[in-house]
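Below you'll find the structure, written out as C-alpha cells, and then a few comments.
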Amino acid sequence: MGKEKIHISIVVIGHVDSGKSTTTGHLIYKLGGIDKRVIERFEKEAAEMNKRSFKYAWVLDKLKAERERGITIDIALWKFETTKYYCTVIDAPGHRDFIKNMITGTSQADCAVLIIDSTTGGFEAGISKDGQTREHALLAFTLGVKQMICCCNKMDATTPKYSKSRFEEIVKEVSSYLKKVGYNPDKIAFIPISGFEGDNMIDRSTNLDWYKGPTLLEALDQISEPKRPSDKPLRLPLQDVYKIGGIGTVPVGRVETGVIKPGMVVTFGPSGLTTEVKSVEMHHEALQEALPGDNVGFNVKNVAVKDLKRGYVASNSKDDPAKEAANFTAQVIIMNHPGQIGNGYAPVLDCHTSHIAVKFAEIQTKIDRRSGKELEKEPKFLKNGDAGFVKMIPTKPMVVETFMSYPPLGRFAVRDMRQTVAVGVIKSVEKKDPTGAKVTKAAIKKK
C-alpha cells in the first residue's frame, strides 16, 4: 500500500439547468465507487422510462431521492478518485438546504466547480436574471472557497457544435463577472466539456481539438493541496451526546481545528465545563489522536449527559479555550428576504452545529459587497442584495469565533421562514468569562 491519497471536497455550482447532475453523475459513474450492479439497475430503470439520455443525471437523482427519503446512502457513492486525490462532492446544489449545508456543512469545500450551460439562450438565462450562477459564485467566495474550475458544458449542443468562438465568448463574459465577485480569472481553468457525451471530462476530446488546456480530471488534479488546520487550538463542535452503558458519556462531533487526544483536559464552551478525555475513537477504533476532518466520539469522565448539548464546543483548556460570546460583529449579505431587516430582527443562526436565535442589535454600516467599501453609516435597514456590518447578540449562550481564527466557527446562515435569508462571516467577538463553571475531579487531578 502506498501513502493514502489526500481527501478534498468539491462543491458543484451553477444554474439549475446547466447540467450539474449529468456532469457530476458522469464523474462519479466513471471514477467513483458506485457498484456496477447499482448502475445496471439504474440503466435498466432509465431505459424502461425512456430516459436513456438521462443516464448520468439519473444516477445522481436516484442517489438524491434515496438520500432524501432518509435511506442512508453509502456516502462512498458521492466520492470519486483522481490520480492525486479522493474527491467528495458536497451536497449538489438545487437541494433546498444547499446554502445552509455549504455554510454549516460538514466540510468546507476546497474547490468550486462552476458548470455553465454554453447553449444559445441557456448561457444567457443562467447568467442574467441574477441567475443562481452569480449567487453561488458569490457565496463560494464569501465562504472562503478560493479555488475554482469553470466548465463550459453542453458544447455538443452549441451552434455550430463544439464552437470555439462560443467558448471564447463565454470565457470572456464569465471571467468579467467572476472578477467582480472577487476571483482572479487568470487562476481559473476554463474547460469546454460535454457532461453527457463525455468530451474533455476524463479523456481529451477530438471534437475540441482547438482546445489545448486540461481536461476536467486533469484540472481537479491541479487543485493546490489544502492546508488542514491541525496546528490551531482545538475546536470540536458537538453533534450529539450519548450515554453508553459501561463507558459513560460520549460526545460526538467533527474536529474542525487542532487535535484531540486521550489525557487532554478539555473545556466545553459556552458553559465552561472542564474535564479529562479518557479515550477517542473513530469507526469503533481507538485513536491516539484525532485530526481536523475526523468524525469522532470521545469518552469524558464525571460528566452527565444533560451537562452537554449539540452546539457546545470542545476545546483544549490550556490553549485558547472556547468561551461564550456576549456579542459579535459580522459582515452579513442578505440573500432572499422579502422585506427589510432592521435593528431588533431576531432570526435563527446556524453556525457550526448550533442553532440559536440571535438579535440584530445594531446595523452599523451598509457596504459594497464586492469591494467592502462603506456606503452608508447606521442605515435604518438592509434589504435583498445588501451587505453590511451588524452587531449581534445571542439570545442563549453560544460559542462563535472570528472567521480569521477559526473559519468553520466563523461563518453562519441566517434562517427565517424556513429558508436561508442571509449569510455572514464573523469579524470580531466579545467573549464572556465563565463564572462558577464546573471542573471535574479528573480535570483537577490533571492540573
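Placement of Cβ uses the backbone N, Cα and C atoms for every residue, glycine included.
If you look up Swiss-Prot, you'll see LYS55 marked as N6,N6-dimethyllysine.
The N6-methyllysine annotation in Swiss-Prot covers LYS261 and rests on similarity to another entry. According to DSSP, LYS261 (N6-methyllysine) is assigned to coil rather than to any helix or strand. Within its own chain, LYS261 (N6-methyllysine) has VAL277, VAL280, LEU287, GLN288, GLU289, ALA290 as residues 6 or more apart in sequence whose C-beta sits under 8 angstroms from its own.
Annotation source Swiss-Prot lists 5-glutamyl glycerylphosphorylethanolamine at GLU289 (among others). Taking the Cβ of GLU289 (5-glutamyl glycerylphosphorylethanolamine) as centre and 10 Å as the limit, one finds 15 other Cβ atoms among all the protein chains shown.
The Cβ of GLU362 (5-glutamyl glycerylphosphorylethanolamine) lies under 8 Å from the Cβ of ASN343, GLU378, VAL390, LYS391, each of which sits 6+ residues away along the same chain. Secondary structure from DSSP puts GLU362 (5-glutamyl glycerylphosphorylethanolamine) in a beta strand. Summarising the annotation, Swiss-Prot assigns 5-glutamyl glycerylphosphorylethanolamine to GLU362 (among others).
Positions annotated as region 'G1' by Swiss-Prot, on the basis of similarity to another entry: 14-21.
Taken from Swiss-Prot, the feature region 'G2' covers 70-74.
Sequence annotations record features per position, and here Swiss-Prot assigns region 'G3' to 91-94 based on similarity to another entry.
Under 8 Å from some Cβ of the region 'G4' (153-156) lie the Cβ atoms of residues 18-19, 22-23, 115-119, 122, 162-163, 167, 192-197, 199-200, 207-208, all in the same chain and six or more residues away from its ends. What Swiss-Prot lists as region 'G4' is 153-156.
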